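Noted in TrEMBL for the protein shown:
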- B:16-34: transmembrane segment (TRANSMEM)
- B:76-94: transmembrane segment (TRANSMEM)
- B:125-147: transmembrane segment (TRANSMEM)
- B:159-183: transmembrane segment (TRANSMEM)
- B:190-208: transmembrane segment (TRANSMEM)
- B:241-259: transmembrane segment (TRANSMEM)
Amino acid sequence: MTAVVETEGLTKFYGRRRGLEDLDLEIRPGEVFGYLGPNGAGKTTTIRLLLDVIRPTRGRMSVLGTDPRDPRVRGRIGYLPGELALEGRERASEYLAFLAGVRGGVSRDRITALAERLEADLSVPMGRLSKGNKQKVGLIQAFMHEPEFLILDEPTGGLDPLVQQEFLAMVREVRAAGRTVLMSSHVLAEVEDVADRVGIVRQGRLVAVEDVAALREKAVRRVEFHFDAPVPREEFEGLPGVRDLRVEGANLSCTIDGRPDALIKAAARFTVVHLVSAEPDLEEIFLTYYSEEEAHHARAGVQEPA
Amino acid sequence: MPALVSKSLRDHRRSLVRWTIGIGAFFALYLSFYPNISQNQDLYGDAALEKFPEAMRDLMGGLTGFTTGTGYLHGVVYQLFGPMLFVVCAAVLGNQAIARPEESGTLELTVTLPIDRRRLVFERFAALALGLLGVAAATFLLAWGLSVATDMGVAFDRILAAHTGVFLLGLLFGALSLAVGAAAGRRGPAMAVVGVVAVGGYIVETMGKNVDAVSWLRWVSPFHYYLDGKPLYQGFPGGDYLVLAGAAAVLLVVAILAFDRRDIGV
């Protein structure tokens, strides 16, 4: 199957300022790709290049197998801009009907169903909508025509936690239907629940692409066991992945790197009263990884002949 | 009607109605003075107006025959204020097409619709032309009606000729503001260019008749192709109006080409 997005050396300069440089990115059909980076790193630049809102300085890209300059390809994409502007006296329902018409038609029931799901009121003039409600209208217009490819720039901004959960459920449904999603965020926590892979951009460059499942596997997590009686320390020493082991009477705590299997099997020989396992903080791993990468780049930079 | 045209017209509905009411009110107010003026030859006759400096009379379009229906209608409505109102109305509409939505950010979603950028500009221009035509048609009927009601004795086709000229002049400036807005993406430059061309063009055309230093510039002034043929006196100046329409078409092409090759919203 051909990639949904394929870029090669994609570069964008705004005058002399670098927006994005030498991006080689592949997004595969049916995956949810999380696109991460701090503000101003080049996420929105990438997205706007893919939609032909801005034009590359150099490099090559294809979206859904075609050049994004072809307007027809945009009908197969759903797009939520990072800074969505909705204004005026027009009602959201009228605006959605207009967008739906241009994209080839969407049933009124579909729009109503999405609005109910996100608890959006479409009868209010758009200029009077709150930020969160504008974001809901933006999500509805991106999802309503069931596009093959969804591009969502900072989709969760302004949404309350319940709506955020509903939104993530919608993203999962899109993936389950075999369609593809690119969503950007400046924090990993927002995308780690739904993303299959994440890419990190910093200062206009893609510094890493990682599989989220692999990242989880690498994750270091803190575990505590409480037993009904004191346990011998030797039983737990030297288990694969177990570090920082502390045994104090009936309590055991450690961190595990990777799979917890060996530790669980060792603990199962005793009576476990209580188990605490903190959710691994992928963000932390990522940042560690990321700063190593940075340091590596910095060294490479120093070694380069002037 | 194409989706973008009908959407633009819907968005402009209120502003178009307001412009129609505004221009209509201006016409009604000024034309209602005519019976009084036509009966006071001493005050408003040619001899009385001779006392104004020549340059000023030139700027006001000559100020002759003010007590006749045609002279009055031309002097107060079709010489300066009528065209300028249409120029401003059209320039504002021209800015609504690209520059304003680009500044506010609403253009972002529009350009990601499956519509070719060239078609987007063309359809926005079509909406501008239709909207302006609506304002022109309504105010034409009003001007004609008032001229009949105040016994001006100006022929229907002469008023139609002058009003058509005002519409074409407006269309030209609308296309100019659209073109600058499509190239620059901002309202400021578009309004500045329209302002300079409109005011400069008007002065060059009117003063140029008697000031040789600028008379050669008259042919580049859009007002030349409206005022020079004296449509209210002599009917449709066909060639001149074709120049206005042609210039608007050229500016539309410029707008399309400029917008098609540009980064949006940067």
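Along the chain as shown, the residues are counted starting at 1.
Just so it is clear, glycine is given a Cβ too, placed from its N, Cα and C backbone atoms.
What TrEMBL says about a protein is an automatic prediction, not a curated fact.
By the Cβ criterion (under 8 Å, sequence separation of 6 or more), the transmembrane segment (B:190-208) is not in contact with the transmembrane segment (B:16-34), since fewer than 3 such pairs are found. Most Cβ pairs under 8 Å with the transmembrane segment (B:76-94) belong to B:159-183, among the candidate stretches B:125-147, B:159-183, B:241-259. Simply put, out of B:16-34, B:125-147, B:159-183, B:159-183 has the most Cβ pairs sitting under 8 Å from the transmembrane segment (B:241-259). For the transmembrane segment (B:125-147), the residues of the chain that approach it from at least six positions outside its boundaries are 2, 4-5, 8-9, 12, 16, 19-20, 23-24, 27-28, 31-32, 69, 73, 77, 86, 89-90, 93-94, 96-97, 154, 156, 159-160, 163-164, 166-167, 170-171, 174-175, 178, 252, 255, judged by C-beta separation under 8 angstroms.
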